[in-house]
Amino acid sequence: MIFNSLTFVVFFAVVLALHYAPWFSWHQKKINLLVASYLFYAAWNPPFVILLWISTVVDWWAAQWMVRSKRDSTRRAWMIISVVVNLGMLAYFKYGEFLLQNFTALAASMGIAYQPPSWDIVLPVGISFYTFATLSYTLDVYLKRAKPAQHFLDYALFVTFFPHLVAGPIMRPTELVPQFAEPRRATAHQLYFGFALIILGLFQKVVLADGFLAPVVEKVYDAREGVPMMLDAWVATLAFSGQIFCDFAGYSTTAIGVAMGLGFAMPDNFRFPYAAVGFSDFWRRWHITLSSWLRDYLYIPLGGNRHGPVRTYTALMGTMLLGGLWHGAAWTFVVWGGLHGLYLGVERWLRGKFGGWTPGPASIFALGILTYVLVNITWVFFRAKDFTVASTMLTSMAGMAANPVPMIALLPMIYAMVIVGGIVATHWAMRDKTLEIAVERTPAWLVGGLLSIMAIAVVAEQGKGSAFIYFQF
Amino acid sequence: MPSSTSSSDPPKGIVRKEGALPAGLRLTASDRPGQAQPVPTRDVPKQPWGRILAAVAVALVAGVTALELNARRLGLEAGDLDNSEVAWVKERVRSENADVAIVGDSRILFDTDLDRFEALTGTRPVQLAIHGTSALTLLEDAASNPNFRGLLIVGLADTMFFQPFDGYGEYVRRRGDFTSPSGRIGIEIDHMLQRRLAFLDSNHRLSVAAHRLDPDFRPGVEGPKHDIWKVSQVGEQRATWMWPRVEYDPEYRARTRWAWKGFKEKFPYTPQLMAKGHARAKAAVETIRARGGDVVFVRPPSAPELRVNEEAQVPRAKGWDRLIANTQSVGVHADDLPPDVQNLTLPEWSHLNRKCATVFTDAYVRRLAALTPRIRLRANAPPPLTRVDCV
């Protein structure tokens with residue numbers, strides 16, 4: 001189920017009631033949470049719960065055997081079993097059709113007319129997220145960075161804990177498993193602030209992303225005919241930058257609020273990314289739990305920055321290409337990742353070249369705007385359903401389209417630009433703060449007023465919209 | 001405020017670089033490369049949260065009350081259940097073993113009174129028509145339903161039937177996406193609230209209403225003002241009828257007529273496209289008949305203002321007449337009904353008003369009962385209706 005649904009409202013009310021019911025022991029409450037989490041997942045497609053069980057059991061035993069074995073080769077074998085099982089499931093469900101399509105195209109290019117069987121495999125929601133979460137467990141144990149979980153129930157609950165299960169933040173076992181060791185109970189203020197975070201997250205998702213920004217994006221990116229004018233192409237792309245941020249940051253904020261209401265802490269996943277100056281800064285602020293996962297389990301093992309510049313640039317590009325592919329089984333995502341790899345590589349080279357330069361405030365702002373514009377170029381490949389659409393959009397954005405037509409009405413355009421402008425301005429105002437500090441410095445009447453407006457707007461928008469964009473990844 | 005979800009002690013192994021992190025920021029995984037991440041820190045800002053949330057709750061109640069009052073002022077009513085993919089899929093499941101099911105576009109959807117149908121025959125048909133959707137798409141979907149062996153009533157507007165697009169019903173081919181347990185539970189909760197609250201109408205969501213304020217200032221753009229606004233109300237089991245405001249509000253009615261544009265937009269209905277449509281229809285009808293079901297066609301009325309353009313694009317001889325002959329089916333064309341059920345009221349030219357929908361249903365069901373043994377009038381069926389019952 002999704003957070004912006006009435007089903008979830010009822011579900012969460014029941015979970016809260018059970019979690020704070022005085023007659024359950026902590027052990028029983030953990031079982032309640034585990035069962036609730038399986039129900040949360042099964043509410044999409046019940047059979048896919050089996051995949052969660054496979055992932056849980058395989059990684060639990062792999063870690064146990066890794067610790068028990070004395071020989072490195074045995075430890076390595078168990079680590080490889082875990083990686084193969086997890087990535088195997090991911091590859092089959094997420095990349096099977098993509099691989100088949102590419103194989104068919106390759107065969108056709110060699111004159112072989114191969115007709116593949118139809119691929120009717122449904123992508124299990126959240127498989128990319130929980131696969132990475134469980135993989136980090138066996139990899140941390142293998143790398144001797146962490147000890148295995150003491151109790152199977154705690155580990156199973158870590159894998160399945162519903163706030164982070166289907167769209168992150170991608171949690172590491174060391175972040176969550178210890179929290180299950182002792183009874184968790186939110187204070188009244190934590191519960192209330194959790195609700196405030198839920199309102200903020202749902203407002204971002206339901207009102208801003210789905211209600212006001214998505215229609216502007218769809219109008220241009222999903223247009224059946226006509227080439228957009230330069231203005232329309234830019235507005236749609238900027239609107240998408242706002243939509244994807246509000247969609248995903250909204251999910252993360254809601255998830256953090258839900259977990260906080262139950263007494264658990266979840267990590268930040270966004271740190272005002274549209275105020276980033278440079279791309280390494282952007283990736284320290286955008287989808288932090290994914291970028292740090294890729295850094296720790298891909299970039300560093302590939303050599304990181306320890307083996308000379310060539311190896312570093314290769315590792316950087318390889319990590320970003322795979323990061324792109326993680327988002328979706330399509331070459332457009334690979335190009336998106338490749339562009340970010342290129343940006344990071346160029347930035348690294350420039351830092352080496354101009355390492356002594358200290359930019360002033362104006363330069364920082366200019367570099368920040370440049371970063372935002374270049375990030376928007378990459379969003380074109382992220383949003384476009386194929387390269388034809390991406391090419392059309394980039395041509396229009398460059399003002400080089402032949403016979404372009406206007407596509408977005410005046411008022412939706414104004415709404416989109418006000419919202420996106422507001423997001424970017426807020427990110428700059430908050431770039432060196434946390435949300436909590438900003439809230440603390442705001443008068444209570446204003447906090448209450450803003451939350452009231454957001455809550456009413458969520459109800460008025462009704463939240464009957466689509467699932468979160470990141471669910472498809 | 002220290003909290004049980006925060007940890008004030010820096011976890012072991014954290015790489016702390018003095019000055020690396022501006023004051024006011026907390027560490028995240030991005031600041032701790034290559035290590036097992038510790039339990040995260042989550043603070044609660046100092047605020048009177050109890051009072052703030054209480055104020056939010058009061059404001060929310062006041063806001064919902066205002067939304068509800070405004071909705072009723074606009075003519076929205078509680079009990080209008082809205083249409084949705086999940087609601088359609090729910091009926092699609094019900095149709096598996098139904099005696100009678102209806103497919104088609106918005107005309108048969110609006111123009112069929114399910115209660116009247118049931119009163120006449122003792123059978124309540126399953127309503128599967130979808131606005132803005134080719135009946136051909138839904139006819140083929142019914143053919144793909146191996147359990148359906150009943151009578152399928154295909155209602156169509158000729159131009160919509162032969163167009164090569166699925167229209168709004170493009171989700172029909174992806175109906176598996178709308179069968180999740182959460183979707184089914186969600187729609188039950190949604191309907192429970194919609195039976196009591198009028199403002200929960202997707203046509204009047206905040207963003208939809210805000211977009212409609214567009215002043216049409218930008219030349220060359222068909223803004224939200226040009227989109228179709230609310231035209232229908234939906235009851236239980238997708239029973240659908242015209243929203244009363246289209247009938248009683250001349251301005252709103254004029255706007256809806258304007259939105260249809262007189263069906264003047266010409267789509268190239270080439271001979272090849274028409275032949276393809278006929279072939280698809282024939283194949284689907286034969287599939288249903290081969291397993292013991294049957295298919296009949298109904299062509300609801302449209303006003304002369306639209307009819308002239310419909311006829312110019314898909315003439316009756318090339319569309320309806322050939323469809324009936326080609327599929328060896330029986331059908332009821334509105335033009336062929338008795339004179340006392342002609343010239344029914346079509347407020348926005350395309351759909352009958354609610355009362356006339358009952359009259360039309362009465363007329364076409366009686367005609368079908370004479371044409372096919374699969375529909376029988378009850379012995380105690382109510383007396384026939386005529387135009388005077390709806391004017």
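Just so you know, glycine gets a Cβ as well, placed from its N, Cα and C.
In TrEMBL, annotation is done automatically, which means it is predicted and not curated.
The transmembrane segment annotation in TrEMBL covers A:6-26 (among others). Sequence-distant neighbours of the transmembrane segment (A:6-26) (same chain, 6+ residues past either end, Cβ-Cβ under 8 Å): 32-33, 36, 39-40, 43, 182-183, 185, 258, 261-263.
The feature transmembrane segment is assigned by TrEMBL to A:38-63 (among others). Tertiary proximity for the transmembrane segment (A:38-63) is limited to same-chain residues at least six positions away from its ends with a CB under 8 Å from its CB atoms, namely 1, 7, 11, 78-79, 81-82, 85-86, 89, 93, 122, 124-127, 130-131, 134-135, 137-138, 141, 148-149, 152, 155-156, 159-160, 162, 165-166.
According to TrEMBL, the transmembrane segment annotation covers A:75-93 (among others).
For A:121-140 (among others), the entry in TrEMBL reads transmembrane segment. Residues 41, 44-45, 48, 51-52, 55-56, 59, 62-63, 66, 78-79, 82-83, 86-87, 89-90, 92-94, 96-97, 146, 148-149, 155, 158-160, 164-168, 170-174, 290, 293, 296-297, 326, 471-473 of the same chain lie 6+ residues outside the transmembrane segment (A:121-140) yet bring a C-beta within less than 8 angstroms of a C-beta in it.
For the transmembrane segment (A:191-214), the list of distant contacts is 3-4, 239-240, 242-244, 246-247, 249-262, 412, 415-416, 419-420, 447, 451, 454-455, 457-458, 461-463, 465-466, 468-469: same-chain residues at least six beyond its ends, Cβ to Cβ under 8 Å. Feature annotation from TrEMBL assigns transmembrane segment to A:191-214 (among others).
Per TrEMBL, the feature transmembrane segment maps to A:321-344 (among others).
Look at TrEMBL and you will find A:364-384 (among others) tagged as transmembrane segment.
Summarising the annotation, TrEMBL assigns transmembrane segment to A:405-430 (among others).
Taken from TrEMBL, the feature transmembrane segment applies to A:442-460 (among others).
The largest share of C-beta pairs under 8 angstroms with the transmembrane segment (A:321-344) comes from A:364-384, of the ranges A:75-93, A:364-384, A:442-460. Beyond the ends of the transmembrane segment (A:75-93), by six or more residues, the same chain brings 51, 54-55, 58-59, 62-63, 65-66, 69, 99, 121-124, 127-128, 131, 134-135, 138-139, 142 to within a C-beta distance below 8 angstroms of the stretch. Nonlocal intrachain contacts for the transmembrane segment (A:442-460), taken as residues 6+ away from its ends with a CB within less than 8 angstroms of a stretch CB, comprise 196, 199-200, 202-203, 206-207.
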